[in-house]
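Q: Pasting in a structure now, in structure tokens, and then I'll have a few things to ask.
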Amino acid sequence: MSLAIAAAERAKAVVIHKNGDAFDPGRKFVVNERVVKDLDTFLNYVSTDLGTTPFGPVRKLHTPKEGHRVKTLEDLEAGGVYVAAGKERFKPANYGEYFRVRAQLQHSKTQDLKPIVRRKIQVSAKWRKVDQDICIIHIFRNGDSLTPPSKLLFKKAWLQNKCTWDVLLEMVQEKVSLDSGAIRKLYRLDGKPVRDVADIQHDSYYIAVGNEGLKRVEYGQAPKQTFYSSTKRNNELPPLEFRQKQKKEGYARKNKESPREETHRKQETHRSDTHRARREEPAARRTITYAPAKRKQTRAATETKKDPNADKTPPPQQLKLEWVYGYRGSQTRNNLFYTAGKEVVYFVARVGVVYDPNRHAQKVFFGHSDDIVSLAIHPEKQLVATGQVGKDPYIYVWDTRNLDTVSILKGGGHTHGISSLGFDRDGKHLVSVGMDNYNQVNVWEWQSGKLVASSRGHTQKVFEMRFNHYSEGNVQLVSCGVKHIKFWELQDNSLTSNSGVFGQDQEVTTILTVAPFKDGLTFSGTVSGHIMIWRGSNLERTVEGHGAAIISMYLGADGLATASRDGTIKLWDTDLNVISDIRELREGKEFGREDTALRSVCWQGKDVLAGTQDNQIFEFRVDGQTVTSTEALMRGHAEGEMWGLATHPKRSLFATASDDKTISKEERDKWGLDTHPRRSLFATASDDKTVRVWDTKDRKLKLTKELDQPMRSVAFNKDGSHVAVGFEDGSVMILDGTNLSEKQRLQAGKEVIHDLKYSPNGERLAVGSNDNRVDIYDVEDGYKKIGECKKSSSYITHLDWSTDSQYIVTNDGSGERLYYRGAGINAGDHVTKSDEIKSISLDTWTGVLGSEVNGIWPKYADKTDVNAADVSFQDKLIATGDDSGLVKLMRFPCTKKGAKFKKYGGHSAHVTNVRFTGDHKRLISIGGGDHAIFQWAVVGGDAGKDDDDDDIQGCETGDAFESEDEDASDSEASDEEDCDSDIEREGEMLYTRPMYRDDVTEMKRTKKRKTKTVDRKAPPADSLELVFVHGYRSHDCRNNLFLTSRGEIVYHVAAVAILYDKTNHEQRFYLKHTDDIISMVKHPQNDIFATGQVGKDPSIHVWDGRDLSTLISLQGQHQRGVTALDFSGDGELLASVGLDNDHTIVLWDWKNGAPLASTRGSKDLLFEIRFNPHNPDRLVTVGKKHINFWTRSGNTFKSKRGIFGKVGKMTTMLCAEFGRTEDDVFSGGANGDIYVWSGNKLLKEVEAHNGPLNTIKFIPQKGVVVTGGKDGSILQWNDNFERFLKKYNIDRFSETRDSRGVLLDDRPAVRAVLPAEGRILAGTRNGEVLEIDLSNGLFSILVQGHTGTHLENEVWGLDTHPKKHLCVTVSDDKTLRVWDLAADQSQLTRARKLRTGARTCAFSPDGDLIAVGMNDGGFVMFHCGNLEAASPQFRHRKEKISDLKFSPDGKYIAVGSHDNFVDVYNVYKMKRTGTCRGSSSYITHLDWDVSGRLLQTNSGAKERLFYEVPRCKRVNIPSSELERITWATWTSVLGPEVEGVWPWYSDVTDVNATCLSADKSLLATGDDNGFVKLFNYPATGKHAICKKYVGHSSHVANVRWTYDDTYLVSAGGMDTSIMVWQRKSSQPRDDGHYDSEDSDVDTDDEDSADAQGGVVVEERVAHEMEESYDPNTGKTTYIRTSTVETTIGQQDGQDSPQANGHGRLTAEQVQEFKEQFEMTDVDGDGLINLADVRRILVRVGYRPSPAEVKEMMRVVDTNGKVEVVTFEEFLDMMDTFYHK
């Protein structure tokens, strides 16, 4: 029991009655002292709930017998009874006696019954009702196991459609508060993070977490407290979420209520409370024995034993698809064609089928994720295109010969589904019509995936659209639909249309199908059965065609074929003379029903294909007027739902029962299913009122019978002589098993029959119905009813017999599993004795409840999607069908929830039933709404080993078949090894920002509009130049070390890409990023790099490493950040992975800035993406429990998961590398092993590292593989991985003397390796870049920095030496580091570890001591020379130390803490002398005056206070006196001296640090936007002008000048970098890449009117650009024009649109563009390049291509520098394009 539950249970529960009311049942209240503080508060609750008494609100509580008054809350006793009264006196009465007596009487009548448990009825999808409207979640506070969870209620519609993640967190924040601050994350109880609103599930428990990590204490789900019941719920079955099955997202099926749903609704409406209650049967949940019926007479009953390995691995058996029965004719059209090889192609469910009538063989295409609803065949009749339904529907183009996917098309604006497809004459273009409200029309170049043109189709339904294969000139198309026909023309990338003109004599009618012809003619079929002939867009004439609507037309070389709803087909010549009239389907009962309607026709030579509305395919041979027919090529159930399935006990037949009234044992939507007990037969029963019997060996329909009612269940008796079917009206019909003739009819109940089964001995029949009971019939006595099982509180879902035919086990809709006697005079009696239950052995197991099948339910899901199950006792195998359309195989028994399984797709709707055949060699599955029957062969393991397997013939399925041989699980983490802390932390990282740097401009503009302009002084003359950066980002990055052709080492930290020259110990910097760089890759041939950053709309910069110029910036495809990048082998393409919820993968033509393809990557973080160097269309991604092999197809990708098989176990993959050939792939696992792949199949697993393997590199020239792991070792391997060749350990014993740094930890985790000539470069988790000499194995540190983990390990502590070019830093990473700042050194000289993290440090005045303020409230001093402790640990505070400083004479040290105090210590005596009190918030900054007797402080409340030392007395100093005080240091952010450092857009916390130079002339600041700024001192007045510098990505936590003002050092908080800036005197700059100088505010006047008022007359030259579009080339060009204008301005105070000298731009717009320009021009040279211009245009809402921007820059150029623009040139561009 968790602590939270225990706390909840310790609360007092009392019952309170109304005063004087003996018949009041009493109300139960729970008194929780956390909520109710005193008795008065509790009385208020009681008064609110019970209502006021006649004498006012409740003010007293009395004991019920003596009437003693309760005086305090402690006087209440748990379980006590009390009486509530107002001002009146206590009235004696027998409170509650009436109800106690009544309860005793009821108990005496039902002593043998267990108490009723009131609970929500849990149902499977088969009997599911509409979902409830409310979603309830429970939230624990992080680390608080004592407080019960808070409950939050949401409307599901709002949560699913309108709620965003940020809004949800805000709502949780209102209910739950954390000590650490705002709620940033939610976790499930299993420790998995929740990242999206879609992951929130009803009635689930979550943990609210702030910026801190998840605290893994024992959280419990506190029991729900109700007034009337505390009974525990039955945990056999997970809670169900009700939803309607037939409505899929984006595709509306029929809204009609099915018969089964109607009966459920009626039943639940009239059911009493007693029926809705669930009864608890503890004994029924105990382990029982079972036996495999009499399918195997030699098998004995065995007891269930909990095999410890049973649930840990998937079964060895697999399913191999043999056959698909069915065809989709309903709600589709023109989906039946002959291929070039005379095969027939069609679709059903979500599979495409290629059927060879001559060989009676199938090939099945898998790939779609939902119902296929459209199909088109390529003119060469080899390729086909299929479109599906869904929110983001796909189009697949695939080859009918080998089932290979040729192209995948997605996007283009289609939603809901693809209703029509068509190829053009040469097969290069494909047209698609969407199912959205406007029936969007798209034309694709399908091979490349490029969308050529798009247009709205029509506001009314569009049925069909086809290319005109006979048109000359421009491409022509025709579409038709409800009361319209349109004629389209495709010119370049534009679609234009003309509506058909019906004329005055012809009424506008609905046109269902079209067939464009030559000479401008078009044939169309109407809803009235006429053929309309169009010439151009005008109706020419009308011909009578059929007696009903013409649904389908096929125009081929032989003429025109039409198919009608009246069941007839007509063949016409091109002059519309009838060649043949095929009426067999209408007149021949043997072919179909009397009301057969046709949906598709295809005519080739003498053969005609016909597809019917009731899902059947026929082929006719036509010779003139003579029509001959073969048998039906394919049969299927018609519309409705199919649930009934039964397999023959011994033969390969099966029967299906359907609501379509035929007992074909397969036809409409199938509900009933059973296999024949002796032959390979099975039967299906469906809502189409048919029952059908099928032969699994011949793969044909054997028998069919149409009955008068829809059916939901079917069963064979033991010898197959009887077939029982259960009807919707509660009746049962017994049919003859040989011919399906009626033998007898029984009326079992009034509601639908869900399940029925014969006993193993064939003597009895059990019938389970929606009437909540099972009826038992004696077969030998003419089906006489002999008993009723009536203890179920809800409808019966499944039932099974025992092997001895004496017992029946049932499942019902409330989640109960009950036992009954099934024979003798006690037939129907409820069995409750545990000993008797233990003795029961089951003949079949088709139920979904019980401890033996707990594993079929997902471990953490609230939904219970499993509709059916069947057990093969012989193979110890269980198969299930669920709502996701999946068939799963698991070991039996599977007692642990979330057991491993193998899954198989193909069904598009919920799988309603599954059954093994009697010989255990096959499995039959049926789809509810897709009307499809799948026949699977069970192969592998011991499946069918005693039988002849010669008849097992699987159909060809291609590479998209979803029968992955991999093991899968809904809870893979449950069997995973302990998660590595680094990997877990990476997955939990948040890259969102409270404010992005791009937001600063808008904030600044808004603030300036509200603020009066003030006079500002000039910026400082001196400037800063970035000379060195200490740091390397590795905590969330891998493989981010590279070499240029010049030997520079390239890496990144913060927002800086660094090129390090080892020889000269110098660095160059790429500074164009605005936030953290988290991914980097090098071009395979050139010194070109791509870097990806964090951001709201994160950018990818491609830049030249030689001159640091930006080649292009890519944006608009990702969110939050770009976590992985890679160039293709030829360098033409770039792949990127985003940090959005789906981790989208995008393929770029980076030179043109165009995205070529995209797809969803994974819900979990992807660590790396790699191009196949041998094939640019293939990639591999690795991530958490993920390795996927991707192939580009059109404008998206298709993927294959890595198949581990028996070679290895699925684990998290961290890195990948390609080998010598296209199929060779190596990957590194979180377990430290190397995985060797061929294609997507694992060849072997090699033990390598002790801990995660983070990086792997292959050197093809040497055949060597280099790996690096968390164990701090680097291994060299040959490419067959037989053994490692060398091992290099990173420890202090292997470090060279010339190392430029200090190794703080032995064996730091290796995150990147880069093999080079004679050396290996390595990057470590501790922020070190190392170089390993391969000749001796020694290494040296090149650069290093503090360790970062994002939101943790921030660097705040910084100080510089008073006499040397040294600085000291401390961090949350628990290290103290001393850095040499000299230009020729720039390295870490010494370091030591600290007991805890630290946030501040300071040198003593002589530089001999370093004081460090700890996060635990203590501080300590160290000797600067050796970093040994120079003082004891002082700890007088509990909160972190935020600042400390030595007095100028070194005698005192002031220590400020988050406890709001400043403690002053005597350094010489090592004791505290006093405490400065008075701050109302935490201390932020301290400064001493030069005398060492006055101390100034800043606090978090923005207070500036002064204290006299050593008395620590607070003093008030007049402002006039303050001006005369000389401060030894200035680090304060408050005061008139620094008023100007606060920018326009800031709040009171934006400036973190200041530092005054030694010459008192310059003030440096660091702020939350990552800027280092330089001001003149004093910076008086608001909004002083500054120079600002970029490089840090996070808040700049601290800045310090060196003693001689040569250098300025800045510390980035979360980016952990230490940046060294050199002070430059006021002279021309020669390198804009280093000096990122920029003006924060403008110096020019914004008003252009005369200061004296009046009229301003100005003559100016206005430049404009005219846009010219060339339709032949598709390019836009621009022509520059100049005019001289005379402008008469307005009066003073009025803005003139012309006053700024740039046409239509107002002064406000010019100001806005100036701010955008200055923010982009980070180096301050007044020039921006192409990428910068494009970035600004994107910000203001215009997205031109790079080519367009280049042309614009050429037009406005005035100085001959076409590659860059000045601000004036930029305004000329914006003058024209901003107004577009």
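Just so it is clear, glycine is given a Cβ too, placed from its N, Cα and C backbone atoms.
Please treat TrEMBL annotations as automatic predictions, because they have not gone through curation.
Pasting the feature list from TrEMBL:
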| type | residues | note |
| --- | --- | --- |
| COMPBIAS | 242-284 | compositional bias 'Basic and acidic residues' |
| COMPBIAS | 1627-1636 | compositional bias 'Basic and acidic residues' |
| DOMAIN | 12-96 | domain 'Doublecortin' |
| DOMAIN | 135-220 | domain 'Doublecortin' |
| DOMAIN | 1708-1743 | domain 'EF-hand' |
| DOMAIN | 1744-1780 | domain 'EF-hand' |
| REGION | 226-317 | region 'Disordered' |
| REGION | 945-981 | region 'Disordered' |
| REGION | 1623-1654 | region 'Disordered' |
| REPEAT | 543-573 | repeat 'WD' |
| REPEAT | 673-704 | repeat 'WD' |
| REPEAT | 746-782 | repeat 'WD' |
| REPEAT | 1246-1278 | repeat 'WD' |
| REPEAT | 1352-1389 | repeat 'WD' |
| REPEAT | 1434-1475 | repeat 'WD' |
| REPEAT | 1589-1631 | repeat 'WD' |
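Help me picture where these features are in the structure shown.
A: The DSSP breakdown of the domain 'EF-hand' (1744-1780), given as helix, strand and coil counts, is 22 helix, 2 strand, 13 coil.
In the predicted model, residues of the repeat 'WD' (543-573) average a pLDDT of 92.
DSSP labels the residues of the repeat 'WD' (746-782) in these numbers: 0 helix, 19 strand, 18 coil.
Residues 213, 1027-1028, 1030, 1065, 1300-1302, 1304, 1341, 1343-1344, 1346, 1395-1407, 1410, 1412-1413, 1415, 1422, 1424, 1427, 1594, 1597-1603, 1606-1607, 1609-1614, 1616-1618, 1620, 1622 of the same chain lie 6+ residues outside the repeat 'WD' (1352-1389) yet bring a C-beta within less than 8 angstroms of a C-beta in it.
For the repeat 'WD' (1434-1475), the residues of the chain that approach it from at least six positions outside its boundaries are 1398-1406, 1409, 1411, 1413-1421, 1481-1488, 1490-1492, 1495, 1497, 1499, 1507, 1509-1512, 1528-1529, 1531, judged by C-beta separation under 8 angstroms.
Proximity of distant same-chain residues to the repeat 'WD' (1589-1631), defined by a Cβ-Cβ separation under 8 Å and at least 6 residues beyond the stretch ends, is recorded for 1021-1031, 1033, 1053-1056, 1069, 1071, 1073-1077, 1093-1094, 1327, 1345-1348, 1350-1351, 1353-1365, 1367, 1369, 1371, 1373, 1379, 1381, 1383, 1386, 1552-1559, 1562, 1564-1574, 1637-1638, 1722, 1725.
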Q: Under DSSP, the domain 'Doublecortin' (12-96) has how many residues in helix, strand and coil?
A: 15 helix, 23 strand, 47 coil
Q: Kindly report the helix/strand/coil residue split of the domain 'Doublecortin' (135-220) according to DSSP, in that order.
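A: The counts are 20 helix, 27 strand, 39 coil.
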Q: Determine how many residues of the domain 'EF-hand' (1708-1743) DSSP places in helix, in strand and in coil.
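A: Helix/strand/coil tally for the domain 'EF-hand' (1708-1743): 23 helix, 2 strand, 11 coil.
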